[in-house]
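Peer 1: Here it is: the structure, laid out below.
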Amino acid sequence: MSSSSAQSVSILELYPDHLEASGERGNVTALRARLERAGHRVDVVQHTIGRRVPKDADIVVIGNGPISAVRAVHADLIENADALRSLADDGVPFFAVGAGAELLGGGITLADGTVLDGVGIFPFSARRGVPRQVGYIVVESAHGTVVGFEDNASEWNLEAGAVPLGVVTSGGGNGNGREGVISGSSVATQTKGPVLPLNPSLSDAIIRAALERRDVAYAPSTAHAELDRLAAKSREVIVANVKSVFTTI
Amino acid sequence: MRYIAPVLVGRAVRAVTRARGGGSALPGYIVNKMAPGFIKNVVAQFEYGVVFVLGSNGKSTTTHMLTEVLRGHGLTVFTNPSGANLPQGISSALLSEVSVTAKLKADIGILEVDEAFALELSKTLLPSTILMLNVQVDQLYRFFETEVVADMMLDTAAVATKHVISNRDDAYLSKIGEILTKKAAVVPDVTYFGASAKLVADSAHGLFNAANHREEASTAPLDALAELESWDSTGARIRVGGELADIALPAKGLHYGIDAAAALATAAQLLGTEFDLAKASAAFSSMTPAYGRGELLDFGDEKVEFVMFKNAASLQLNLDALPAAPEQVMVAIDEGTPDVSWLYDIDFVQLDHVDVLTGAKAWQFALRLEHEGIPVGTIEPDLKKAIELMRALPAPATGHKTWVVNYEQMMLARKIIGYGDMEVSF
Ligand SMILES: [Zn+2]
C-alpha cells in the first residue's frame with residue numbers, strides 16, 4: 001500500500017562537529033527543505049563522538065574535514081561500524097562527501113603511507129597526497145549533470161565492478177576521469193560542500209530511495225519550483241565560469 | 001646612495017601605473033628585483049621595530065587601531081594601506097614613503113601581512129613583534145585546511161624577537177605559549193588578549209573561531225592583559241591590566257571589540273611604561289571607520305552602510321552586529337569569493353528580506369536564502385543595474401541603505417557611487 005500522506009523522515013547526520021568543514025551541513029539543509037516542502041516532517045539526529053548510532057534512519061549524511069578531524073572520529077566510527085553497515089544492508093541511502101565518504105569506504109592511505117581503515121560501505125579506497133584539485137567541477141551522471149566545487153588531494157580507486165557517480169567533464173574528481181562511487185542508492189562524492197542544494201535531481205534520487213523503502217510516495221511540486229529555479233540559474237553560471245573562476249585570484 | 005636609482009625607477013613606474021588606474025604591486029616588484037637589500041635597509045631604521053599583524057579576520061581593522069593608538073602616543077608610524085598585505089603591496093607602500101636615499105622617518109612599522117607570506121617576509125622585514133588575531137575557516141580553496149593557516153601564523157610567531165601577542169580564546173593561537181617554551185632558542189614574551197567568558201557565552205554564534213581537532217584544549221586558564229568585557233552600538237568596555245576603559249569603536253560588533261583589545265594589548269607591550277590608557281582611548285575616539293567596515297557613504301540624498309565580508313566568520317559576526325533587520329538591503333557577491341560552500345554555515349536570522357541580490361554568485365546566494373524562506377526582491381547580476389534598483393527604492397526610515405558586499409563588489413560599488421579612489425588612507 002502506497003501512502004502519500006505526511007510522514008516523519010529521519011536524517012542521521014554523522015559527526016557534524018568534525019566532518020562538515022566545508023559547508024556540508026547544506027546537504028542536510030537541502031534534504032530537509034525538499035522533504036518539508038513535500039509535506040513531510042523531518043527529524044535530524046546528530047551522531048557525535050561517544051553516542052551510539054541509532055538502529056533506524058531514513059537517510060545517512062556525512063561530510064568532509066581535515067585529517068585531524070578524521071583521526072579524531074576514527075575510533076568512534078569503528079565502534080559504530082556494525083550499526084552503520086546494518087543500516088546500509090537494510091537499503092538506507094547514504095550521501096557521503098570527501099573525507100567522510102573515505103571513512104565509509106575501504107580505507108585511506110595517507111601521504112606518509114599509513115592506512116586508516118574504513119567501514120566498507122562504499123566499494124573504493126582513497127590515496128592521499130596526489131596533486132590537489134581545486135575549483136568548480138562538472139560531472140555527467142545517471143542523475144543528470146552534477147555541478148559543485150571540489151578541493152581535494154585524494155585519488156579514489158574503485159573496486160572491480162564498482163560504479164562511479166559519473167564522468168568528469170570539467171575538474172579532477174577521482175583522478176581518472178570519473179567522479180565518486182555509488183552503491184545501491186547510496187552516493188559518495190568528491191564534490192565537496194553543499195552539493196545537494198545545487199543538484200535537486202540528486203537530492204530527489206536520494207529522497208525517493210529513502211521513501212520507497214517505506215512505501216511512501218515523493219514528488220516535487222510547485223512548492224519546490226523556486227528552489228529548482230535558483231539551482232538551475234546557479235548551475236548555469238557555474239558551467240559558464242567553470243574555467244575562469246580562478247583567474248580573479 | 002646605492003638605492004637612489006631603484007627608488008626613482010620605482011616611483012616612475014608607480015606614477016605610470018597609477019595614471020593607468022592599475023594596481024600598486026608592480027613598482028614594489030621592480031624595486032625588489034633591482035635592490036634586494038632595499039627593504040632590509042629601510043626597516044632597520046625603525047626604533048620600535050616591525051610588527052606583523054596576522055589573522056583570518058580583522059587584520060586591516062586592528063592594524064588601523066594599533067597605528068592610531070601609537071600615533072596617539074606621539075610615535076611616527078609607517079603602515080601599509082588596508083588590504084595591501086601581499087609582499088609586493090608592502091614594498092610598494094614602503095617605496096611611496098622613503099626618500100630617494102632610502103631613509104624613512106618612522107619610529108615603528110605596523111604591517112598587516114597575508115598568512116601565506118608571513119614567514120617568508122619575516123626574513124626580510126625581521127619583525128620584533130607578532131600579533132595573531134584568530135584562526136577562522138577562511139579561503140579553503142587557497143589554504144585547503146584551516147590548521148595549515150594556524151601553522152603559518154604559529155611558525156611566524158616563533159621568529160619574533162621581542163613580543164608575541166595572541167588570542168587567549170582561539171583554540172590554535174592560545175597554544176603559542178606552550179609551543180614557544182618548548183623551543184630552546186631565545187623566547188619572546190607572550191601576552192594574551194580575549195573576551196570575557198560571559199560575553200562569548202552570550203554571543204549568538206560565539207567567536208566563530210575554527211575548531212582544533214589535533215590538540216586538547218588547555219586546562220589551565222590563561223590570563224589576558226586586555227579583555228573585552230562588553231560592547232554596544234557606541235563602543236566597548238575593555239580591561240587593560242587592572243584598568244577599565246570605555247572606548248569608541250570605529251565599527252560595531254563583538255569582533256571589533258576583540259580587535260580593539262588586541263590593539264591595546266599590543267600597544268601596552270610595545271610601549272611599556274610609556275603606555276597611557278587615556279591616550280589610547282582618545283585615539284579610538286578620533287578614529288575613522290576602516291574601509292568597508294561600518295562606513296556610511298553618501299548615495300544621493302541618502303546614506304549607504306557597507307557591510308563587507310570575506311568569509312563565514314566575517315559575514316556571521318557582521319550580521320550579528322546589526323541592531324535589527326536592515327530596512328533596505330542589497331547583497332553583492334561575485335567570483336572574487338570562489339568557494340561559497342560556507343554560506344550554508346551562516347545563520348541568516350538577522351535578515352528578514354533582501355531587496356536586491358547582485359554579482360555572479362547572486363543565484364547561489366539566493367538559493368541559500370530560499371532554503372531559509374527569506375524573500376529576495378530582485379536578482380540582478382549586473383552591479384550597476386542593481387545599484388539603480390536600490391536608488392529607485394523610496395528613502396528608508398532609518399536614512400540609510402545596507403549593502404552587504406564581498407571585497408571585489410565593494411570596490412566596484414564604491415567606484416560606481418563616486419568613491420573610486422583605490423588609494424586608501426586613514
Ligand atoms: Zn527592503
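Each residue, glycine too, has its Cβ placed from N, Cα and C.
The substrate binding site annotation in TrEMBL covers A:Arg132. Annotation comment: TrEMBL describes A:17-186 as domain 'CobB/CobQ-like glutamine amidotransferase'.
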Peer 1: Write out the long-range same-chain contacts of the residue listed as 'substrate binding site', meaning residues 6 or more apart in sequence whose Cβ is under 8 Å from its Cβ.
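Peer 2: Those within reach of the residue listed as 'substrate binding site', by Cβ under 8 Å and sequence separation of 6 or more, are A:Asp151, A:Asn152, A:Ala153.
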Peer 1: Calculate the per-residue pLDDT averaged over the domain 'CobB/CobQ-like glutamine amidotransferase' (A:17-186) and state the result as an integer.
Peer 2: 96
Peer 1: By the DSSP assignment reduced to helix, strand and coil, which category contains A:Arg132 (substrate binding site)?
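Peer 2: DSSP call for A:Arg132 (substrate binding site): strand.
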